[in-house]
Amino acid sequence: SSLFRRSCTSLHMEGTVSVILVQVNPGETFTIRTEDGHVQCIQGPAHVPMMSLNGSMPPIFVPPGYMSQVVEENGVRKIVILPHSTEYHPPMHPPPHLQHYMHPHPPPMLAHPPHPMYPPVPGSELHPPQYMHQHPMPPPPPPPPPLPQPRIYHEYGKIVSNIQARSAVLSWSHLVNSQNEENANRPVSFTFEVALSNCGKSGKFKTIYIILKFYISATYSSIEESTSEVISFTTESCEPDRPAVPKLVNRTKNSLILQWKGSNDNGSKIISFLLEWDEGKPGTFKECYFGHLKQYKLTKLSPSTKYSFRLAAKNNLGISEFSETVAFSTTGSVPPAPPPPQLNQAGITTLSLEWGPPTGAVTDELQFTYTLEMEEEGSGHGFKAKYNGEEPSCTLKNLRRSTSYKFRLFAHNSEGKSSPSEEVEYTTYPDKPGPPSKPYTKGKIRAYNVKVAWDPPKDNGGAEISKYVLEISEASNGSTWNVIYDGTLREHVCDHLRPGTSYKLRVYCFGIAGQSQASDILSIHTSAVPPGPCRSPYLANRAKPREISLHWAPPVVNGGAEIIDYVVDMAESDQTECRRVYQGPGLRCTVSNLLPGRTYSFWIKAANKTGFGPYSAKSQISTAPGPPDQCGTPMLTCKTATSVAVSWEVPLCNGAEICDYRLEWGKLEGSMHVIYTGPCLNYEVKGLTPATTYFCRVQAVNMAGIGMFGGTGIVTTPASVPGAMSLPRLLEGKIPLPLASTCLALQWDEPNCHGSEITGYNIEYGERQIVTVDRVTSYTLENLQPDTVYRIRIQAINSLGQSPFSQSIKAKTKPLPPEPPVLECVCFSYQSLKLKWGDGPNRISLSNSIQFNLQMEDKTGRFVTLLNGPCHTYKVQRLSECTTYNFKIQAYNEAGEGPFSDIYTFTTTKSPPAPLKAPKICQLGENLCEVTWEPLPPMKGDSIVYTLQLLSGRGADQKVVAVFDFLRKI
């Protein structure tokens, strides 16, 4: 049976309004009527909140057979309407740990639509609500008889359905009421709690379900809880529960007696049990007993063998699940002596041992337990048990280092203890020795060696020290240690040390177990000595012609003290004495005032606080070659008026052979250019201008550079014939046209006189015809042939001779003006005349470029130009018929205009008569027709002749068959 308890918790409200809850049971209706006459019916189950400002109880009218009861819980008053035979059960509160538990999404089986609650409007006059039945309530019915499956229990809205052997579905209705729409859609929370009891209504109930669900309802200021009626239902029967494992009652070497208890039969009596076993072979179970007894004996088993069993119960509804598997073993004999334990791993304070089962034992080794006993060497206490268990291995700890231990092993089974195994002896490892004492010096610390000794460690680790190792480290090297001694002695002479150096010494030793920690560190410092030789100095930078920059490194051995001074000595040769060129703490110096291309010897030595060390090896360094010295003034000799011989002396080369000389030449001292580069000491300058002053200078070049220019030489070339003439020019348009056919005008530039004034010019033209003129720059050649080409060149003349001729030019005289052509008329018309002259352009030389000027006389007697151009025909149009016209023509070309021709006279023809209209034909007889037409007007007294043609045929076959000429109309 189950009991459902539902509580309605009201929310907080403002003010002092008190809330009274009216409980409406399932199947009942609660009716409220407000002042405005509105009636609201609330179906049960529901809690209807009633509000009152003065705290008085509203009047409730109940139907006959019912009574109202006021209950107050936790400050909340509730009116409960009950029949006279029904008792009110107080609400059951949920456990404290579930007071605030809620489901945001309730399970589907409990989901119901929300029911609003409508409290009356505060402050309004309340009409007495009526509590009535919509349908009359019958007396409580007797318990319902059993129904066929599926069974459903239904009482006051609580439903139990889908009852199975181990489950049932519970559902119920919400306690919702509605009273006033103005207070609808306000939140209120419900907590549902389901309790279950399997001992009847008087038994103890156990809460099995609690859920918190929110609905839209009225607002409460207190909490109300109610408990439903108890519902009873019975679950279905099923197969038995899983039984417990069988228990061992007795066992022998060949038998096992098992006993078990029955499990819960789940409504159907157990009729038999099924016992299965694996026959001593794990993995496969077979039936060994099936019956109603609760005990079974297995016989003919093997001794000392393990068997596994499982049990199941059966009733009329089926067989249960098998119990858990349980294993039992038959008894056996005392095991034989096991083999002695073997050493798996030894340590300083530990020994790991392992062993196997007794030889020849036919049983699982897990059935044995082992006892390991140990005896310490020299302890006198005998064997003591150190391990007792089933594992075939054991690790013994906290033993003494480098100590022998004896062991023996016992095996146990259920029958007893075996005899001990053979005794074995194992020894722990010795430990590492402790560190030796701090090393100490014996005797004086020298510059290159020191004697060091040490004491053995206080703890040798349980074994003899096999060797000592001495390490040394320079203080500057930090943690870098080098072994300098490895042996059994406890002292050593440390040699090959560096003077003035700090060293650290430490020692450690070795035993059987390994290396000890290092001893404390001994620090020493060797005494300083003068530094060793430096490396030879070398060039710091590229050598210059007159200075050398030297660089050197500190000596490899500084003698144990800081280098504070350096000395640099120099010698120009092996025969000269050394001189000091630098002394100071730096590693660089510059030696100046040297000669280019010379080799010098250098030595260097360093000093510390104890003094100077030896000189370095000799370093021979040469200065760089320098540019050559300045050349002397070149020597100049005029060979001709246009050439000068130049020579010069060899300057000092300054350490590098002179490879080139550069000769600069020019007419101005400040504007000279290189005209020669080469190794020679002379050069001939050609192509000079006579009577001209020239300047020159020389500089030498070697691999080191270019030397300074020497002095400037000056020379003036002697006078000479004039220079070459430039090309003469032909003057166009300077000669009148009448003379252009026989004259050519020339112009030229005066050449360089080369120191002697020009007196005249020779003009050569034609067949080596020469005309000598005075000192002019233009001249006209006369009496030449027209239209003829001449080659012309000119030369200048001075007191020293004639210059070379200039280059020739070609000049052509213009042709004579052309004669007028013959003019003729090639086509006459009554309105035009076509004129033609000459032989056409194809026969005229293009070089002549003859053009024509055609003129015609007008009515006033003046000749006007009709055509001016190269054409040979012209058609004169828009003339009058039967009229005489006068023409003349003139030819001209580049030579000029020729004369006009004689006057030519040409007359236009008469114009033809106008076209006639079609004639008219009149039939006069069988073979006679009269033809008439309109006459034309007279044409200046010219008679008109009419021609009549008689045609025969049609179209293309038409032809003239007769022609008649008439002077008048017929």
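Even glycines carry a Cβ here, placed using N, Cα and C.
According to TrEMBL:
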type     : residues : note
COMPBIAS : 126-135  : compositional bias 'Low complexity'
COMPBIAS : 136-145  : compositional bias 'Pro residues'
DOMAIN   : 242-333  : domain 'Fibronectin type-III'
DOMAIN   : 337-431  : domain 'Fibronectin type-III'
DOMAIN   : 435-529  : domain 'Fibronectin type-III'
DOMAIN   : 530-626  : domain 'Fibronectin type-III'
DOMAIN   : 627-720  : domain 'Fibronectin type-III'
DOMAIN   : 727-816  : domain 'Fibronectin type-III'
DOMAIN   : 817-912  : domain 'Fibronectin type-III'
REGION   : 115-145  : region 'Disordered'
REGION   : 415-441  : region 'Disordered'
(request) Determine which residues of the chain contact the region 'Disordered' (415-441) at the Cβ level, with the cut-off under 8 Å and only residues 6 or more beyond its ends counted. (result) 331-343, 346-351, 353, 355, 358, 371, 373, 377, 399-409, 450-463, 465, 468, 470, 490, 505-522, 524
(request) Can you check how the pLDDT averages out over the domain 'Fibronectin type-III' (435-529)? (result) 90
(request) With DSSP as the yardstick, break the domain 'Fibronectin type-III' (337-431) down into helix, strand and coil residue counts. (result) 3 helix, 43 strand, 49 coil
(message) Within the domain 'Fibronectin type-III' (627-720), count helix residues (DSSP H, G, I), strand residues (E, B) and coil residues, in that order.
(response) 0 helix, 50 strand, 44 coil
(request) Please work out the helix, strand and coil residue numbers for the domain 'Fibronectin type-III' (530-626) from the DSSP assignment. (result) 0 helix, 39 strand, 58 coil
(request) Just give the helix, strand and coil counts over the domain 'Fibronectin type-III' (435-529), going by DSSP. (result) 3 helix, 40 strand, 52 coil
